[in-house]
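For reference, TrEMBL has these:
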type	residues	note
TRANSMEM	34-56	transmembrane segment
DOMAIN	42-385	domain 'Amino acid permease/ SLC12A'
TRANSMEM	163-183	transmembrane segment
TRANSMEM	188-208	transmembrane segment
TRANSMEM	228-248	transmembrane segment
TRANSMEM	260-283	transmembrane segment
TRANSMEM	309-328	transmembrane segment
TRANSMEM	357-377	transmembrane segment
TRANSMEM	383-400	transmembrane segment
TRANSMEM	627-644	transmembrane segment
TRANSMEM	650-669	transmembrane segment
TRANSMEM	689-705	transmembrane segment
TRANSMEM	711-730	transmembrane segment
C-alpha cells in the first residue's frame, strides 16, 4: 500500500501527437553539420585532454586497451541510441524517454546529473584551451590573467584562478548566440585544421616509435584496474556522439540521417584517437614527463620544435571549436528542465524564434562554468568518468523496458506508403497566410505552407494537412466557377435565340456584345460572392475554435510567418510554450500541423508470435525485477573484481563471487526466454541480437563505473540530494505534468480515396478532441 502511494506521486509525461510531432526548435542541421559538431567535440577532447590524462595518470601505455574497451561499449550503445532516436526524435533523448518510461522523478535526476556532467566538461575544455594557448605563446597569458590562490586545498580546489579561461567561456557563449548553423560551420573549419595538423605531426612521431618505451614506462601502469578505469575516462571522449541526442529537433530528417552515420563516425573517431595514443606511448618514455603533460610536449624530448609548433596550432584550433560546441548539451538539457517547469526561472526555456538559440540558458551555463574553474581538474575528471557509464546503463534499461512493456511509446515503421496518394490531384503551392480576426479586433495569423513528410526511409513526399486545407479551398473555388459558367452559357444561348427573332442582324450583334459584357461582370461578382462566402465560413469556423481559448482575456496580435520562416512545423509564428500564470496572456494555444495522415498501419506479425494484447503489467513487472537482479549481480561482481583484486583468491570472497556469477548466468538465460512485445518488430530501427547485446552493454558499463572512488560517489550522492530538495520545493508543485496542459489546435487530415476532409481539433487535457470538419 505504501509503495502504491509512493508510485502515484511519480508523474509521467503525456505522449501524444503534439509531443512527438511538434517542435519549437529550428531544423537547420544536415549530415555535414552533424559530423562537424560531433568531430569537433570528440577528436580534440579525446586527443588533447582525455588521452594525456589517461596515459599519464591512470593506464600508462595500456591506454590502448582502455580505448578498445570504451569503443566496444560506445559502439554497442550507439545501436541502442539509434532505436531510441527513431522511436522518439526529440532533443534531450534520455531525459524525455526516461520521463515517459520511468516517471518524472527519474527524469529529473537524469537531467540534473547530465547538467552537472556537461557543465564540468565546459570547465575542463576551458582550462585545457588556456593551457594550450599559453604553450603556443610561451606563457604570455599566465603572466597577466592568472592569480595564485592565497590558500591551497589541492584535493578540492585549484592552486590558481585562470581568468583567461573565464574569458574563453564568455567569448564562446557570445559566438554561440549567433546560430546553430554558424556553430556547425565554425566546427567544420576548426576540425579540418586540427585534423591536418595533428595527423601530419603524428606520422612524424612514428619515425621515433620504439616498443622499448612501453617496457620502460610499464605497459600496465596500474594493472587491470587501471585499464578498466581508463576505459571509463575514454567514454567521456565520445561526448560528440552523445550530443546527437541533444540535437534531434534541430536536425532535418533525424530518423534517416543519424542511424546511418552513427556507427561510421564512432569507428572513425576511435581510429584517430587510437593513432594519437600510439604516438604518445611509442615515441617516448612517458614516465619522464609530468602528470599534467600536454600532447605537443612529447616533441621536446624528440627535439623537433617545428612538429611541436604545428601540433600546438592544431590543438588550439581544435579546442577552440570544442569550446564553442561544448555548450550545446548543457544548454539543451537546462532548457528542457525549465521547459517542463522542474527548475525555477522559466525564462531559461525561451529560445530565439529567428536563430533558435536559448540565450538565457547559454548565459547561465557560462556563469556556472566560470565559477567552477576554482575546482581541481582531477576531481572533475572523476565525476564525469562516473556519470557517463551511468547514462549508458540507463540507455540499455530504456531499450529493455520498451521491449517488454505492453504500452510501447514512440513512432513506428509504417508499411503503408502514401507517396502516390493524391499525387496527381494536388500540387504544391507557395506559402500563403490568412488572418482570422476575433471579436476584440486582434488577429491570429494562420500560415499554410508546404512540408515534406516521410515514411520509413523518409524519402517519399507527402502533402501535408495544411496543403489539403488549401487545396480544398481551391477545389471549392474551381467548382463554383464551373457551375456559374455553365449556367451563364445556357442563359446566353437562350437569349441569343430570342434576340434573333426580334431584332435584325446588325442590332442583334450590338446588343449581344453589350449583354455579354454585362453578364461577364455579373458572373465575376457572383463568383466572388460565393467564394468569399466560403472563405468567411472557414474563417468563422477557425475563429469559433480559437476564441474558445481566449475567454475573458485579450490576446496579443500575432504576425504572419510570411516574413519570418522559423523552420519548425507550428503554423502560428509566435508559438512558444508557457506554463506560468503570468505568461498565459501572452500565449493561449498553438496550431501545429499533423503531418502523418490518418490512415491505418499495416501491421504484419508472424503467425507464431502473439499480439501485444497478450501482454499485461504482471509480465512487465516480472521482467523489470529480473533486470534489477541482473544489475545488482553485475554490481557485486564488479566490486569484487575491482575493489578486492588482491584478496579475490581467499575463500571468504571466492564463494560470493561464484554465486554472483551463477546468478548472473541464470538471469541472462531467464531474460532471453521471455517473450518480447511483437509491436517492437515495427520499429524503423531495432537493436540487433536483443537482449544479449543490451545485457552486455549494461554489464560493461557497470564494470567500468565500479572503478570510481568512494569519495566521488559520496559527492555524487550529495549532488543528487541537492537536486531532490530543489525538486520537492519547486519542481513537484509547478511541474507541467502536474496540472492540466493548455489546449492546442491540431490541423489534421483524413484521406480515404475520394473523401478528403480536414479537421481542426481542439486538444483538451483529457485527450478528447472537439472537431471542426472542413
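Including glycine, each Cβ sits where the backbone N, Cα and C put it.
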Surrounding residues of the transmembrane segment (357-377) on its own chain - C-beta under 8 Å, 6+ positions past either end:
119-120, 122-124, 126-127, 154-158, 161-162, 165-166, 169-170, 172-173, 176-180, 327, 330-332, 334-335, 338, 345, 347-351
Are the transmembrane segment (309-328) and the transmembrane segment (260-283) close enough that 3 or more Cβ pairs fall under 8 Å, when only pairs 6 or more apart in sequence count?
no
Segment-segment contact (the transmembrane segment (627-644); the transmembrane segment (689-705)) at 3 or more Cβ pairs under 8 Å:
yes
Averaging the pLDDT values of the domain 'Amino acid permease/ SLC12A' (42-385) gives 88
Among 34-56, 228-248, 309-328, 650-669, 689-705, which stretch has the most Cβ pairs under 8 Å to the transmembrane segment (188-208)?
309-328
Relative to the transmembrane segment (383-400), the stretch among 34-56, 163-183, 650-669, 689-705 with the most Cβ pairs under 8 Å is 689-705
Looking only at residues six or more beyond either end of the transmembrane segment (163-183), which have a C-beta under 8 A from one in the stretch?
26, 28-29, 33, 37, 122, 126-127, 129-130, 133-134, 141-142, 145-147, 247, 250, 323-328, 331, 355-357, 359, 362-363, 365-366, 369-370, 373
Let me spell it out: take the transmembrane segment (689-705), skip the flanking residues so only those 6+ beyond its ends count, and list any with a Cβ under 8 Å from a Cβ in it.
69-70, 72-73, 76-77, 79-80, 228-229, 231-232, 235, 386, 389-390, 392-393, 395-397, 399-400, 403, 630-631, 634-635, 637-638, 641-642, 664, 668, 671-672, 676
